[in-house]
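S.K.: For reference, the structure I am asking about is given below.
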């Protein structure tokens, strides 16, 4: 549901859609996807003793809430920009930072699940299923996330370097050609 609601909510804010009903539906879905998994994680951890399988369930709930929190923060930034005359300075970098922090926290949660599962397999109850889940979880949620995050960082750094190498037009040049920025129109 997060993967469905995320692009819809962000598109509402980014495109400047002024329909209150659409915003209400999108924001209420985000609130539900934040509150319900958090409540479920609390109840699960409160009523049951923590073990590897419960940790997987709780971490999944927390990851959902974390993803929605990032989406809601970006949505709020877009809405502030929509109602503010000058826009938000360095919006792209702020959004990249929010997404990066969200991904790092997701990575750390996945790393904690692997660490706890490994610990439990070595010193607690060992099973083929548990070890198989740890191996798959390590590959999919730790290794692939780390690779993706590092690739994203390198691409972002390269793009920033290339953009930084472009010449900047002075105010006089812009006035002389009666020109403006094709992105921000300023």
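Glycine too: its Cβ is placed from the backbone N, Cα and C atoms.
Residues or ranges marked as domain 'TRC8-like N-terminal' by TrEMBL: 1-150. The transmembrane segment annotation in TrEMBL covers 24-42, 54-80, 100-119, 125-144.
I'm curious about the neighbourhood of these features; can you describe it?
M.R.: With a threshold of 8 Å between CB atoms, the same-chain residues lying at least 6 positions outside the transmembrane segment (24-42) that come near it are 1-2, 5, 8-9, 12, 57-58, 60-62, 64-65, 68-69, 71-72, 75.
Taking Cβ pairs closer than 8 Å, the transmembrane segment (54-80) reaches residues 2, 5-6, 9-10, 12-14, 26-27, 30, 33-34, 37-38, 40-41, 44-45, 48, 88, 91, 94-95, 98-99, 101-102, 105-106, 109-110, 112-113, 116-117, 133, 137 in its own chain, all 6 or more past its ends.
Counting same-chain residues at least six beyond the ends of the transmembrane segment (100-119), those with a Cβ under 8 angstroms from any Cβ of the stretch are 52, 55-56, 59, 62-63, 66-67, 69-70, 130, 133-134, 137-138, 141-142, 145-146, 149, 152-153.
Long-range Cβ contacts of the transmembrane segment (125-144) within its own chain (Cβ-Cβ under 8 Å, at least 6 residues beyond either end) map to 52, 56, 107, 110-111, 113-114, 117-118.
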S.K.: Using DSSP, how many residues of the domain 'TRC8-like N-terminal' (1-150) fall into helix, strand and coil, respectively?
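M.R.: Split into helix, strand and coil, the domain 'TRC8-like N-terminal' (1-150) gives 129 helix, 0 strand, 21 coil.
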